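Now, the feature entries from Swiss-Prot:
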| type | residues | note |
| --- | --- | --- |
| BINDING | A8, Y9, S10, G11, G12, L13, D14, T15, S16, G116 | ATP binding site |
| BINDING | Y86, S91, N122, R126, S175, S184, E260, Y272 | L-citrulline binding site |
| BINDING | T118, N122, D123 | L-aspartate binding site |
Amino acid sequence: MKEKVVLAYSGGLDTSITIHWLKENYNLDVIACCVNVGQDEDFDEIKKKAIKSGATKIYVEDVKDEFVSEYIYKGVKANAVYEGKYLLGTSFARPLIAKKLVEVAHKEGAKYICHGCTGKGNDQVRFEVGIMSLDPSIKVIAPWRIWNIKSREDAVDYANANGIEVPVTKEKIYSRDQNLWHISHEGGDLENIRNEHKTDMYCMTVPPEKAKDEVSYIKITFEKGEAKKLDDVEMSPVEILEKLNKIGGENGIGVIDLLENRLVGMKSRGVYETPGGTILYAAHKELEYLTMQKETFHFKQMVSQKYGELVYNGLWFSTLKESLDAFIDKTQEVVNGTVRLKLYKGNIMVAGMESPNALYEESISSFGASDFYDHKDAEGFINLFGLPYKINAMIQLKNQEN
């Protein structure tokens, strides 16, 4: 009986040719596993295509609920962003996909897992570190680091030579990754950084200049940092994100053109659409401004950066990341309330907030009289706060005189 390999299967170019290649070079039974994290695909067709391409069996795992509630929502609570711009759409999905691949491997008794990630990308690290973190006994096959196919153009040629249908041509060569959170576009004419990206590549969003002329208002209600209601209607995390994607897309929200520092050492360019996620991050951050004590908020900003780096680098299952989750969950106990936003042609503006945990008190913050704040107290505070700088200036003047 042949040994088995579980292939992370998408039906796209890379994994479509990988089934044929694995059977040709390793003589393994290929168990395809397609993990549904919200990508816009016909999964019945993917099942047919996997079997037609030579897979022995195909699993389609619908994990959208888990993806949003256990992965994306953790990122939102952390305000996790990579290099100030990237909302980690691909990075959030990879550890969950790795987890499902390991589960299928255990179920099938497979010793191998195969992925179609290139040897220059971050995803090979994310998948393999995730897999070894969950089961170090599983061996990983990474064709892009082994075979003679050196480019996506070569992959198209291989597919055509072997009669494998792929949804890519040499003329339209963008590499895309889509899930419920985002879609990314890489490769092709984007590799020349002199080129402005073409807005006709957009899938989730209209260009801001072509967005509707009317302003959109929305309200998002959070409990312990997690979005629970949209416009006062309670919804599941998936429903909230789907609605926000639609609203954000109509208003041209959430497109970035990013030149990022990859984990593997090079810079790469990608265009990312994250309409609903951009809105969710904005609303959540505004509520943190309102409800968090200053020192907690400032420290959490440092944690957010580190958290984003850990997720980007594929360290979702690391002790440090899990420890930061515990800290973040503690900070989110006060992040309760409703944020109203105004959306217009790519812009997000705050249009009001309320929270039972608000640390803003109008009677204190107002320029008018207050029983809680005596203006005279400011003089002593300023003297003490400025004392080190006053002493420093005195010493410098004294030294100059001497």
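Cβ atoms are placed via backbone N, Cα and C, with glycine included.
Separation of the C-alpha atoms of G12 (ATP binding site) and S175 (L-citrulline binding site): 9 Å, rounded to the nearest whole number. Apart from the site residues A8, Y9, S10, G11, G12, L13, D14, T15, S16, G116, the chain places the Cβ of T18 no farther than 8 Å from the centroid of the site's Cβ atoms, the recorded ATP location.
Each residue contributes its Cα atom, and for S10 (ATP binding site) and N122 (L-citrulline binding site) these two points are 17 Å apart. For the recorded site, Y86 (L-citrulline binding site), the DSSP three-state label reads strand. Note on proximity: of the binding-site residues S91, N122, S175, the one nearest S16 (ATP binding site) is S175, by Cα distance.
Considering only the binding-site residues A8, D14, T118, D123, the residues lying within 10 A of S91 (L-citrulline binding site) on a C-alpha to C-alpha basis are D123. For D123 (L-aspartate binding site), the nearest of the binding-site residues by C-alpha distance turns out to be A8; the candidates were A8, Y86, Y272. Note: the CA-CA distance between T118 (L-aspartate binding site) and D14 (ATP binding site) rounds to 9 Å. DSSP assigns T118 (L-aspartate binding site) to coil, not to a helix or a strand.
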